[in-house]
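*Asks:* Next up is a structure, given as structure tokens.
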Protein chains: 2
Amino acid sequence: MRLTGLSAFPITPADPEGRVDLPALRRLVARLREAGVDSIGLLGSTGSYPYLTRDERRRALEAALDEVGDWAPVLVGVGALRTDEAVRLAQDARAAGAAAGLLAAVSYTPLTDDEVFAHVATVARESGLPLCLYDNPSTTHFRFGPELIGRLSRLPGIVAVKSPGQEPQAVAGHLAGLRTVVPPGFSLGYSGDWTTTEALIAGADAWYSVVAGLFPQVAVDIVRAVQRGDAAEARRLDARLAPLWTLFREHSSLRVMYACANLLDLCRAAPPRPILPLGEEAQGRVAEVIRALDLR
Amino acid sequence: MRLTGLSAFPITPADPEGRVDLPALRRLVARLREAGVDSIGLLGSTGSYPYLTRDERRRALEAALDEVGDWAPVLVGVGALRTDEAVRLAQDARAAGAAAGLLAAVSYTPLTDDEVFAHVATVARESGLPLCLYDNPSTTHFRFGPELIGRLSRLPGIVAVKSPGQEPQAVAGHLAGLRTVVPPGFSLGYSGDWTTTEALIAGADAWYSVVAGLFPQVAVDIVRAVQRGDAAEARRLDARLAPLWTLFREHSSLRVMYACANLLDLCRAAPPRPILPLGEEAQGRVAEVIRALDLR
């Protein structure tokens with residue numbers, strides 16, 4: 001399996017006690033199927049994986065896989081603070097039929113490169129699940145450097161890296177730097193929705209997208225424009241979404257996506273506490289942007 | 001209860017599956033009692049609280065309280081990623097008889113001040129456990145600013161703050177800044193062992209100490225010197241420990257304390273994975289420092 005194109009990361013609607021609302025999750029996943037995204041990133045950071053128990057993560061995965069069927073691979077967050085817990089989550093994911101796991105370097109005590117190497121190697125070896133390295137320093141406070149990515153990319157079962165968004169003028173260099181340290185065919189992808197159009201134009205393999213988890217069509221249109229070589233059209237579609245990117249940067253994409261999903265009546269769910277829903281004024285701005293951009 | 005003087009933070013020895021070694025924990029706690037520390041900080045960051053289940057945290061607390069008896073208050077880490085989980089941990093701690101809870105702003109999705117305020121207020125209200133705010137940006141990546149500390153210090157049950165270590169030239173100003181925002185009697189304390197002697201001399205109420213969790217006597221001597229007004233002697237005792245502080249800064253106090261506890265045959269335990277024990281060369285340096293400083 002090679003991760004390419006658009007990977008859509010939905011929220012995981014749950015009640016205040018952390019029980020996943022499976023019908024609402026199925027509704028979100030069905031939208032992704034209908035829009036034809038290339039893969040689904042279940043239980044990513046936007047899917048609030050670290051806030052859910054192992055049982056709830058398994059319930060969510062099984063429902064999503066059932067809804068998806070065969071039409072697209074599902075990758076699933078298997079990160080955890082403890083190595084043994086991440087192993088169990090990856091084993092669960094493989095048993096359920098996920099195509100790959102997304103493994104972040106979740107930390108409390110700051111970790112060294114050698115510790116993260118051993119953590120990832122153990123999860124890959126003990127689970128047999130193909131893994132995408134999840135480099136998300138804004139949540140884990142660990143940064144995968146090129147040297148570590150190079151070492152890990154040579155382990156059996158490590159197939160991809162999801163890197164954080166880069167500045168437009170830096171992304172081509174970042175991508176070229178990673179290409180020199182990973183084997184051919186290793187997938188290099190990016191998150192940070194407001195930066196990823198330039199990453200795709202620069203030759204990135206995949207866009208790990210928060211907006212696509214709820215509004216897949218606008219993201220599919222950008223990816224397809226890049227794929228047919230129409231960078232100008234991709235940039236035009238991306239520029240049109242600028243008001244949404246402003247909200248993402250200001251309030252985090254997770255909080256904005258919860259507000260959108262509720263405003264669209266796709267679910268009645270708040271983020272897991274201590275994360276709070278957006279206040280009324282911010283929700284008003286979100287509603288305006290949804291209307292102005294005709295998001296649906 | 002007012003937190004003053006020396007609060008000693010032991011490691012929590014556990015097996016690779018995360019089951020706490022209660023006899024070893026009791027041995028560590030008994031050393032603290034014999035040295036006459038002013039309070040015990042169980043399941044702090046050095047006690048690897050976020051890596052242990054609720055059941056194991058309760059087992060550790062009950063054993064420690066039984067070992068401590070009436071001679072000193074026990075404060076205990078009740079932090080968790082989810083608010084409801086932190087509430088349950090604080091309720092457990094109160095039911096078991098802990099004097100106070102230590103509540104860090106554990107985060108994955110970065111939190112706002114309003115979110116942390118609501119989190120702390122909920123835990124205090126739902127548990128009835130007195131709380132010490134645990135400002136530990138190096139692990140939680142959330143920083144409690146003076147404005148937030150001021151707001152929280154006015155809530156019933158919020159009794160103290162444990163601030164991160166400050167540069168020697170900055171600590172008096174930091175302390176004075178906090179005094180202006182908290183009510184009289186609110187306890188202001190510091191962690192970061194290599195910085196705390198100056199904090200105590202500047203008038204801090206408490207030292208939350210990692211070294212005291214294993215080598216209580218050297219820390220008791222520093223605190224008592226400050227308390228009797230002998231700053232010169234406190235500084236001399238602190239300067240003598242410089243080789244240990246170097247190791248703490250280089251490898252983290254947690255990893256060094258595990259190495260020390262094993263070298264002293266107080267337990268056979270490694271930190272929870274993915275955290276790795278120190279390598280051979282670093283362990284050799286730790287052994288040398290233990291010998292040179294006659295730590296026991």
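Cβ from N, Cα, C; glycine included.
Residues or ranges marked as active site, proton donor/acceptor in TrEMBL: B:Tyr134. The active site, schiff-base intermediate with substrate annotation in TrEMBL covers B:Lys162. The pyruvate binding site annotation in TrEMBL covers B:Thr46.
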*Asks:* How many Å separate the Cα atoms of B:Thr46 (pyruvate binding site) and the residue listed as 'active site, proton donor/acceptor'?
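*Replies:* Computed Cα spacing between B:Thr46 (pyruvate binding site) and the residue listed as 'active site, proton donor/acceptor' is 13 Å.
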*Asks:* Should B:Thr46 (pyruvate binding site) be counted as helix, strand, or coil on the basis of DSSP?
*Replies:* coil
*Asks:* DSSP secondary structure for the residue listed as 'active site, schiff-base intermediate with substrate', reduced to helix/strand/coil, please.
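*Replies:* It is in a strand.
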*Asks:* Going along the chain, which residues six or more apart from B:Tyr134 (active site, proton donor/acceptor) have their CB under 8 A from its CB?
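*Replies:* Once residues fewer than 6 apart are set aside, B:Tyr134 (active site, proton donor/acceptor) is near B:Gly44, B:Gly77, B:Gly79, B:Leu102, B:Leu103, B:Ala104, B:Ala105, B:Lys162.
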*Asks:* Specify the count of other C-beta atoms within 10 Å of the C-beta of B:Thr46 (pyruvate binding site).
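*Replies:* There are 27 of them.
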*Asks:* Can you tell me how many other Cβ atoms are located within 10 Å of the Cβ belonging to B:Lys162 (active site, schiff-base intermediate with substrate)?
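*Replies:* If we count other Cβ atoms within 10 Å of B:Lys162 (active site, schiff-base intermediate with substrate), we arrive at 27.
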